[in-house]
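Q: One structure, pasted below without further comment.
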Amino acid sequence: MPTATGAPVPTPGVYDVLGKSWGVSPAEAKVRLDAEHSKADALETAKAGTANLDGAFFDASRRLVVNVHSAKAAEVAREHGLTPRTVARGEKALAKLQAQVQALADRSGSAQVQSIGADLPTDRLQVVLQPGKQSAKTVALVNQLKAIPGVGVSTNSATLAMTADVIGGQIMDVVPGTWCSLGYPGTTSDGNNVLLTAGHCVEGLPDVLNAAGTHIGKGIATRFQTGRRSVDMGLMDIDAEDVGRGYIDNRNGSTTTITGSSKAPVGSTICKAGNTTGWTCGTITQYNLTVNYGGAGGSITRTSGLARSTVCTEGGDSGGAYISGTIAQGMTSGGPNDGHDCGFNQGGNATGSYSFYQPVVDAANYYGVTLTRG
């Protein structure tokens, strides 16, 4: 099963790219990233106690803010170097509110809800609508939502779409010619070598080739089915003669060793390796979103359990590895279908967009996979 670890080992390529993005030296970038992971470890230690800590996020000052509902919980947070904040709702209440709003949206018959998810920094649930004129059903739904405390409604400017040796971040040629990016290799409980990837990349259980056209595996499981309620996680069986490596290809001549996996707090720095846009970075903004992806022929695929980040991605990055330092985070799922250009290997300079990813911890738990480490 996936595990979290302490401070990551140095990975020069990561710090070089992040340093350029932040306008600091690689050494300063390392200090900042290590500080994030130290606070995240402190949060896990605090959560292991009896205090009710109800969600956490990094704020603009890089403090790890923790939602609390009691003086005792606030004291525990401070003892661990965290910043407590008393909230009206918190992560657990927002999850219940999300289920309530999702049921309301289902009953409304509106086909214009794009995503529903909690926004921890504002302590509110955010409902995002598709662009375009609202139907009568959508107008009625919006009026209902606006009457619910803690729910915000906005309209997006773009539709959403999926973005389609074994080393994470490298090209994944899904026969017959659909491009994705390789995710995270690991082993099942019976010792089988597999690759965790986006479910839509292996929908139909295709054969998979690498950049050289060599057969490296075959899709064996997916929870994604176009036009139906889905989870964007899947599994590829790695050919017996091939080896899944415990590192990520940064697409800039360097690699990042994988030392563990986690769900880093909202606001954490995160980077992604993908075939189309290379190495791009940003921050985690939300977890547990339900997203409606548009597809061919007007099909809508409701996809749940996704995380959102400010990392820029494009088509062909799907399945590619998201990582925080050396801690695995997830695999690319999708993003806005608005013609944006991330460039290639722009690190944190590829700004102005966002993306969704499937948390690797959830996928590994579901399929019983232990990630391969470096």
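Cβ coordinates come from backbone N, Cα and C, glycine included.
Computed from a predicted structure; not experimentally measured.
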Q: Quick one: which of CYS281, CYS342 does TrEMBL link to CYS312 by a disulfide?
A: CYS342
Q: So CYS271 is in a disulfide according to TrEMBL. Which of these is its partner: CYS201, CYS281?
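A: Here TrEMBL pairs CYS271 in a disulfide with CYS281.
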Q: What mean pLDDT does the predicted model reach across the domain 'Peptidase S1' (192-340)?
A: 93
Q: When you measure from the Cβ of HIS200 (active site, charge relay system), how many other Cβ atoms are you left with inside 10 Å?
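A: For HIS200 (active site, charge relay system), the count of other Cβ atoms within 10 Å is 31.
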Q: Give me the Cα-Cα distance between CYS342 (disulfide bond) and HIS200 (active site, charge relay system), rounded to a whole Å.
A: 22
Q: According to DSSP, which kind of secondary structure is CYS201 (disulfide bond) found in, if we only use helix, strand and coil?
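A: Once the DSSP labels are grouped into three classes, CYS201 (disulfide bond) ends up as helix.
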Q: Could you say which of the disulfide-bonded residues CYS201, CYS271, CYS281 has its Cβ with the most other Cβ atoms inside 10 Å?
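A: When each Cβ's neighbours within 10 Å are tallied, CYS201 leads.
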